[in-house]
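So the structure is just underneath, and the comments pick up after that.
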Amino acid sequence: MDNNISCQMKVETGDAGYVLEDVPHLTDYISDLPTYPNPLRSNPAYSVVKQYFVDADDTVPQKVVVHKDGPRGIHFRRAGPRQRVYFAPDEVHAAIVTCGGLCPGLNTVIREIVCALYHMYGVTRVLGIDGGYRGFYSKNTITLTPKVVNDIHKRGGTIIGTSRGGHDKPKIVDSIQDRGINQVYIIGGDGTQKGAAVIYQEVRRRGLKAVVAGIPKTIDNDIPVIDKSFGFDTAVEEAQRAINAAHVEAESAENGIGLVKLMGRYSGFIAMYATLASRDVDLCLIPESPFYLEGEGGLLEYVEKRLKDNGHMVIVVAEGAGQELLAAENLKTSTAQDASGNKLLQDVGLWISDKIKGHFAKIPSMPITLKYIDPTYMIRAVPSNASDNVYCTLLAQSCVHGVMAGYTGFTSGLVNGRQTYIPFNRITEKQNNVVITDRMWARLLSSTNQPSFLRPKEVIAVQKLERETQLLDGDSSKTNDI
Ligand SMILES: Nc1ncnc2c1ncn2[C@@H]1O[C@H](COP(=O)(O)OP(=O)(O)O)[C@@H](O)[C@H]1O
Ligand SMILES: O=P(O)(O)OC[C@H]1O[C@](O)(COP(=O)(O)O)[C@@H](O)[C@@H]1O
Ligand SMILES: [Mg+2]
């Protein structure tokens, strides 16, 4: 057993600039592990499928847009069942935990992990950890069987509970070790995946035959590398209801303004996609795109112009937009945090409402009616829609296949439409943000007709920063640059 861990990335290179960013495997630190034929070989549902097992050398490119003479670039290991597995069914003791904020589809992922373990691999011991990371050491576990999880995909939330904070590495790994858990499925966002990486390192340091795998959950779509996160489509769809209501209210009043605040702490994807989908939105504000209120080219001037032209308007604002303006106005930066250390934001929706009302109060010839709609929690508390349900199923099954095959320290994720295993480091090293110099944001600007609020000098600075970031990681975020 090699207790001298290297948490370096496992990187392999090949011809024409091919790079495989591989994931760790149990055999990297435990030698002479027995293997078993994959039970799926004799499962009638799969034995008829040609090439059901994934070739050990199959990998998926991170970038699909390449130049003729450019390098092949970074690849990830393709997910799927392997011919041989590293766990006998009766040896497996699996645990599932959900952490961080809610997201549509959490219950579907839980359901499908349980069903894949039971029905594909003959596993019969699966535990739910109650209430996030702290549940490992402060609560009783919940027994999960296909019967218990049968209908849960029709409900929002997570049946095993979630929480922020409470990540105590020694206590969590002691609990894993004491309970004899040897497969840990961790469903959560950027914070959760950082916590999972720490657990994986400690499990490995102790030399335990226990696999740690993540499934990325984020309603904000702020996790890098993956195409998009589960529940995102559902959230965008649900946001349409709020935007429709705002539009109806605005249209029915003289100088009516409908203002909708959507989630998005640092990444404005929900606001951007909800705006693009709706076509009723005249102004979309996201954290990545700075704006200003007063003066020529400012937000208030645009609102005034829009009302004069159209008689009504709809504004969508992501909760993290304009936080620097609010901080500057309060003459202090708020240091308040939630239990996980995420900054608590000030209510940008209320702030913009006040600013707009204050502005038009000074123009008696233009009385306005402003309705502020805050559907924040409604868009994430709903069950996942049909396409997210399918996506959750694939993510969960892929994760189970990887775990049974002995891979560890990975997050299961969709890259260019293919299921892959991505090393934790790649998932946690940076955040996925809307790139405001990419085509998607340009499409939004042309759909709403809003000004970009960037002065030419700022455009050049943003472009330079984004070029440097892309050169560093060789990636252009896919949700931006379709
Ligand atoms: N850097 C970190 N190291 C270890 N654990 C972390 C880290 N950041 C967050 N966590 C833990 O991950 C869990 C979820 O994090 P949070 O930021 O609330 O949600 P999300 O995972 O959805 O981003 C919390 O229990 C938190 O304590
Ligand atoms: O009120 P809560 O539960 O802390 O959640 C609010 C936050 O959750 C989020 O949806 C993101 O949550 P995660 O980081 O857990 O995915 C943000 O958009 C929002 O600021
Ligand atoms: Mg987060």
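A Cβ is built for glycine as well, from the same backbone N, Cα and C atoms used for every other residue.
What TrEMBL annotates here:
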type     : residues                                                                               : note
ACT_SITE : ASP220                                                                                 : active site, proton acceptor
BINDING  : GLY101, ARG164, GLY165, GLY189, ASP190, GLY191, THR192                                 : ATP binding site
BINDING  : ASP190                                                                                 : Mg(2+) binding site
BINDING  : THR218, ILE219, ASP220, MET263, GLY264, ARG265, GLU319, TYR377, MET378, ILE379, ARG380 : substrate binding site
DOMAIN   : 94-401                                                                                 : domain 'Phosphofructokinase'
SITE     : GLY191                                                                                 : site 'Important for substrate specificity'
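Overlay of TrEMBL annotations on the structure.
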residue: GLY101; record: ATP binding site; contacts (Cβ under 8 Å, 6+ apart): THR162, ARG164, GLY189, ILE219, ARG380
residue: GLY165; record: ATP binding site; contacts (Cβ under 8 Å, 6+ apart): TYR133, ARG134, ASP338, ALA339, SER340, GLY341
residue: ASP190; record: ATP binding site; contacts (Cβ under 8 Å, 6+ apart): THR218, ASP222, ILE223, ILE427, THR428, GLN431
residue: THR192; record: ATP binding site; contacts (Cβ under 8 Å, 6+ apart): CYS99, GLY100, TYR133, ILE186, GLY214, LYS217
residue: GLU319; record: substrate binding site; contacts (Cβ under 8 Å, 6+ apart): LYS261, LEU262, MET263, GLY264, ARG265, LEU345, ASP347, VAL348, GLY349, THR376
residue: MET378; record: substrate binding site; contacts (Cβ under 8 Å, 6+ apart): GLU238, ALA242
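Taking every pair among THR218, ILE219, ASP220, MET263, GLY264, ARG265, GLU319, TYR377, MET378, ILE379, ARG380, the residues recorded as binding substrate, the greatest CA to CA distance is 16 Å. Maximum C-alpha to C-alpha distance over the listed ATP-binding residues GLY101, ARG164, GLY165, GLY189, ASP190, GLY191, THR192 is 13 Å. Distance from the CA of ASP220 (active site, proton acceptor) to the CA of GLY191 (ATP binding site) is 13 Å.
Summed and averaged per residue, pLDDT over the domain 'Phosphofructokinase' (94-401) gives 96. Listed recorded positions: GLY165, THR192, ASP220, MET378. Those with a CB atom under 6 Å from ligand 2: ASP220. Taking a C-beta cut-off of under 8 angstroms and a sequence separation of 6 or more, the residue listed as 'active site, proton acceptor' has the following same-chain neighbours: GLY189, MET263, GLY264, ARG265, TYR266, SER267, PHE269, ILE270. Of the binding-site residues GLY189, GLY191, GLY264, GLY264 has the largest number of other Cβ atoms within 10 Å of its own Cβ. Among the binding-site residues GLY101, GLY165, GLY191, ARG380, the residues whose Cβ sits under 6 Å from any atom of ligand 3 are GLY191.
For ligand 1, the neighbouring recorded positions among GLY191, THR192, ASP220, GLU319 are GLY191, THR192, by Cβ distance under 6 Å. Taken residue by residue with DSSP, GLU319 (substrate binding site) is part of neither helix nor strand, so it is coil. Of all Cβ atoms in the shown protein chains, 20 besides its own fall within 10 Å of the Cβ of ARG164 (ATP binding site).
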